[in-house]
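Now, the feature entries from TrEMBL:
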type     : residues  : note
DOMAIN   : B:78-268  : domain 'ABC transmembrane type-1'
TRANSMEM : B:19-42   : transmembrane segment
TRANSMEM : B:80-106  : transmembrane segment
TRANSMEM : B:113-136 : transmembrane segment
TRANSMEM : B:142-161 : transmembrane segment
TRANSMEM : B:204-223 : transmembrane segment
TRANSMEM : B:243-268 : transmembrane segment
Amino acid sequence: MLHSRKLLFSAAFLVATSLSPLAFAQDFDPDATVNIGSLYEPQNLDNTAGAGQGINEAFNGNVYEALFRLTDDGKVEPVLASDTKVSDDGLTYTFNLREGVSFHSGEPLTSADVKASIERVTAEASKSSRKKSLATITGIETPDDRTVVVKLSQRSISLPYNLSYVWIVNDAAGDITAKEDGTGPYTLSEWRRGSALALERFDKYWGTKPSNEAAVFQYFTDATALSNALLTNAVDIVTSVQSPDALQQFSDNPEFTVSNGASTTKELLAYNDRVAPFDKIEVRKALARAVDKKRLLESIWGSYGQVIGSFVPPTDPWYVDLTNIDPYDPTGAKALLAKAGLANGFEFTLDTPDYDPHPIVAQFLQSELAKINVKVNLNIITANEWYTKIYQKHDFQATLQEHVNHRDIVFYGNPDFYWGYNNPKVVDLIAQSETAASEGEQTEKLKQANQIIAEEAASNWLYLYPQIVVSTTKVSGYPVNGLNAQFFVSGIRKAD
Amino acid sequence: MTIPADTAILSRKARSWTLVAGLALVGLHLVVALLTLVWTPFDPTELAGRRLEAPSLLHLAGTDRLGRDLLTQIMIGSRIALTVGTAAVAIGAVLGTTLGLLAAFASNWLDDALAAALDILIAFPTLLIAMLVVAASDGANLSTAILALGLGLSPIVARLARILAKRVLLMDYITAARTSGTSWPAIVRIHVLPNIWPGLSVNLALQFGLAVIAEASLSYLGLGAPPPNASWGRLLQEAQGTVFSAPIGAITPGIALVSLVIGINLLADGLRERNDPARSER
């Protein structure tokens, strides 16, 4: 009822405005400044120097472009590469560069810039989290200014995808941790550390002109302050809302739009699969069955989010619903523990990052696992401690973490990864998926790998976050899925 | 000028009211804290209800995000607050009094140095000192919080102890004790401590209130009692995100905290009036 009344009203409004002699040619202000509220301030401006996810949010596709890009609906499409040829053996990729592209400093884009940009990511000193996925590149040639030839040691079906997060930077730019020189539709106009990062339309941009003049990312450290900023119109959009309780004030208010998109962020209880008792499949499966994930999800996210039963989110092409492999079944969990020789339960330490939602999730797990006589001792640690103790030294029994990336099932094919899952069959499948000749074959291999990982309960995948963007009704045209933490601002329209 | 008799009676009544109200509030928390040792409405970690239930007969203060009973958590919070307060004040009292007496008895330059050092330490808020101690130790837990708060409180106690002790040391009976050959430890035990105690105890009661608030602040910042210990500060922190949809979760721990601190302050006020006959005669 309510909906149809709203529709009727807007229809009447449309008729009224179109009849008016003062009707607007366009319903948005092309010179507007869009204020974007975010919790993820970058540490620096270089995505290969440990800047955090915030730099991808602010710069990917806005300030820097790549040869390809991952669109908001998960497709890989060419940007600076105007066309791509792949040799029959799949080992040589020839990219032709788009004509008429120049950097913000005024220099034209050449193949040397592309070569230097890829080498920045694969360099020894690079801290890019995806460096390993470009390790198959053996050489880059630049026969002329418009052509880049990339040689591989083996087939790499994800190369275009992997190149989508390799920023093309002017090779003369030098250190880009505090300045930029990209080809994107915006230039960096000001960066006030601790508060905001301002982007301004680049007038010589080669592509479609942005539908706003400037975009300012305003950074907040507290979600409540961020919500208040939106309520008071200090910001127009909030890139991702982290609690369902902050939403009520917006969903009940006609001045705001709440979008519920697909995220790639997974909350998981990661065991150290190298150490007892988590080296036993029965124990891991028992813990998977002992946790009522639907209830946990509801506790954290209310009616938002999704339980997916594995590490693969629905936006990955190889997604399969695997929630039935280890459904909630405390009795079955006890039986599995008994089978593993732990009929009386056991005790373990859960290293819990000190920020939301991990402490509350940890308490839920503590309560659920107590029912099958498994005692969980919580050890609260900082993000830095997590990185050194767990990610680098692998010194832990179990931990909680959220993994934000798209297509990151490949981590299970790396036995040296922090969780230490090592099944040679999975390692092979994941390696073969990368050398597959077609996307169909790649998808097939990864589906098989995912099935095995889930059957062996390599980790305890608790839930998939929702991606919730809230804005005032004045703005539209923003991305709603936030894959790989990107937030393209070029299409955002703000009404007068 | 003489005060009319009826006013004096009224103010004495008011005074005894503060002591009684203080005792009642603190006593209530004490009883609840002791009760939690043997009984709570629910197991504190039990997911007893649905998410963010409103208060009902079953859950008198509602439930939290995980569906745990909030009344249970708040009751256990009383125990944690009183434990931390008592232990921190005990540490602060022992350390502070020792330092203060040392300064009072010391030669001029040592006294000056200690007094200056105490003044510098007092310039740092207790909470800041406590946060530094927690940060320097290996991980936050209840005992580091207690130690940190005790250390943070000690300069305040030390300064007061020093001033009170210096005043006592000027008295004739001290000179008499000295000339009769009483040892320093004996002078401290027989003359100084009993004489500074009334003033010091009132201050310690006030410090207790401060310690309770500081513990809640530390826990709110994630530096106090780690989950699942139900410290009021942590309950407040967890309720922060749901303050619009379920305000009761933030209100009840707030009331608990305020009632205990007000109770302690009233108690301290009442104690001061009783220990300070000069003032109560006024």
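Using the three backbone atoms N, Cα and C, a Cβ is placed for every residue, glycine included.
Quick caveat, the model's predicted, so the values are computed rather than measured.
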Among B:80-106, B:113-136, B:142-161, B:204-223, B:243-268, stretch most in contact with the transmembrane segment (B:19-42) (C-beta, under 8 angstroms): B:243-268
Intrachain neighbours beyond the transmembrane segment (B:204-223), with Cβ under 8 angstroms and 6 or more residues off its ends: 80-82, 84-86, 88-89, 92-93, 126-127, 130-131, 134-135, 140, 145, 148-149, 152-153, 156-157, 231-234, 236-237, 257, 260-261, 264-265, 267-268, 271
Contacting positions for the transmembrane segment (B:142-161) when only residues 6+ beyond its ends and CB under 8 Å are counted: 80, 83-84, 87-93, 95-97, 99-101, 103-104, 115, 118-119, 121-122, 126-134, 196, 199-200, 203-204, 207, 210-211, 214-215, 218-219, 223-226, 229
